[in-house]
């Protein structure tokens, strides 16, 4: 029992002695390493040889892409490693001490910065400790939220792919003093973004010569390639715009008598203007390229604007004043003949044929009316009823040998009657008959003028219907072509639709 307790106490004392010796070795090692160490001195064995620094990064998150200010915000961990000739020791002389850590400013480290930084502090990294092992290998892993300037190409927005460069290099050391070598970027810990899909982050090492110095300045450039996810913009911008474009076509289906054709066109035009303002708020104020969605909105606004102009013409045709003159011959030929035939449109009542009355030929003349004046009054009144309404539409039907009534009207003799109705003197007889004949002339002329005015108005209204139908077909085809042609012109349209809308 006493022997076992003694063994436990011996083991505990040995472990405490080992810890105390290790802490003593670390303290001694730190003193030896920083003794006569100058953090401004480049840690190489031969000053004529460059110090090789390996550089890489680990992308964790794409935090924001500011299209208007053209700034990319990312969460990145930098990875830098080099060999410090003055920070080496023999592990056997310092047992248990394999690695040591030095804070910022105590040992030398490369001054690698982001060249295209858009941050106010320029250096956005958090200065962590430098990890050093016994062979002098130094590893520096500073994390940071980087804001870099990036040219945002909005040519294919919202089906665009952006390429933002992150250029890193030493600020004060040239290629003869510091040899910067690239290692592949790490995206194993990347957190997916709701707005962007990370395509890749390839890197490239290059050297650049400046006018101040003869030596080259190496740099490592990583290109963050990302594709915009279009589901949000499709549901909030594209689909509403397509629906509004379809509403613009309803202007041509709305009857002209409703009085709302112009109002509908102006409302659709204002709706598109609101969507254009939404796009302008997020797009950069650049004249290098016009966004794809802006092109689509502009084409749609042109269609709606032209529809409003055409609607004004249609309303002018529909409400044309008959006293303003008849339709020009070329307008009648183009609209009422060619376009109406092409659109398979016919005038209202054009196919209606009045039934022919099967009666024997009756010749009614004013002479017979005059002869009937001496007859009983009922006979003369019955004949006078037809005298007043003969030729109301300005057409006089010639008598036929088989039937005396054609197209629902009596075939009257055009010789003596027309002479009387157009100012001829009635035969001598009853003066009341002359007054009645004068009233009949006035009524016939009045109805004839009304029929002519109605015919002119009907002709203009039919022309308005033809223009409406023609513009409906033309604008529908143009809208479909613009929608398919503009949106599908994006290089990755199919990929975006298959991934985001599937």
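Just so you know, glycine gets a Cβ as well, placed from its N, Cα and C.
A quick note: this is a predicted structure, and the numbers were derived from the prediction, not measured.
Over in Swiss-Prot, the protein carries these features:
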- 150-164: disulfide bond (DISULFID)
- 212-213: disulfide bond (DISULFID)
- 46: N-linked glycosylation site (CARBOHYD)
- 90: N-linked glycosylation site (CARBOHYD)
- 133: N-linked glycosylation site (CARBOHYD)
- 1-22: signal peptide (SIGNAL)
- 23-233: topological domain 'Extracellular' (TOPO_DOM)
- 316-469: topological domain 'Cytoplasmic' (TOPO_DOM)
- 234-254: transmembrane segment (TRANSMEM)
- 262-282: transmembrane segment (TRANSMEM)
- 295-315: transmembrane segment (TRANSMEM)
- 470-490: transmembrane segment (TRANSMEM)
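Sequence features annotated in Swiss-Prot and their locations in the structure.
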residue : record                      : Cβ neighbours (10 Å)
46      : N-linked glycosylation site : 7
90      : N-linked glycosylation site : 7
133     : N-linked glycosylation site : 16
150     : disulfide bond              : 23
164     : disulfide bond              : 22
212     : disulfide bond              : 8
213     : disulfide bond              : 11
Message: To the nearest Å, how far is the Cα of residue 212 (disulfide bond) from the Cα of residue 46 (N-linked glycosylation site)?
response: 25
Field: Proximal residue to residue 90 (N-linked glycosylation site) among recorded positions 46, 133, 150, 164, 213 (C-alpha distance)
entry: 133
- line: Beyond a gap of at least 6 residues from its ends, the CB atoms lying under 8 Å from the transmembrane segment (470-490) belong to 156, 159-160, 238, 242, 245-246, 248-249, 252-253, 292, 295-296, 299-300, 303, 306-307, 310, 314, 339, 343, 496
Query: Out of 46, 133, 150, 164, which of these recorded positions is nearest residue 213 (disulfide bond) by C-alpha distance?
result: 46
Message: On average, what pLDDT score does this prediction assign to the topological domain 'Extracellular' (23-233)?
response: 92
Message: So, three-state DSSP: helix, strand or coil for residue 212 (disulfide bond)?
response: coil
Field: DSSP three-state assignment (helix, strand or coil) for residue 164 (disulfide bond)
entry: strand
- request: May I ask which of the recorded positions 46, 150, 164 is closest to residue 133 (N-linked glycosylation site) if we compare their C-alpha atoms?
  value: 46
- request: Write down the Cα-Cα distance for residue 46 (N-linked glycosylation site) and residue 164 (disulfide bond), rounded and given in Å.
  value: 38
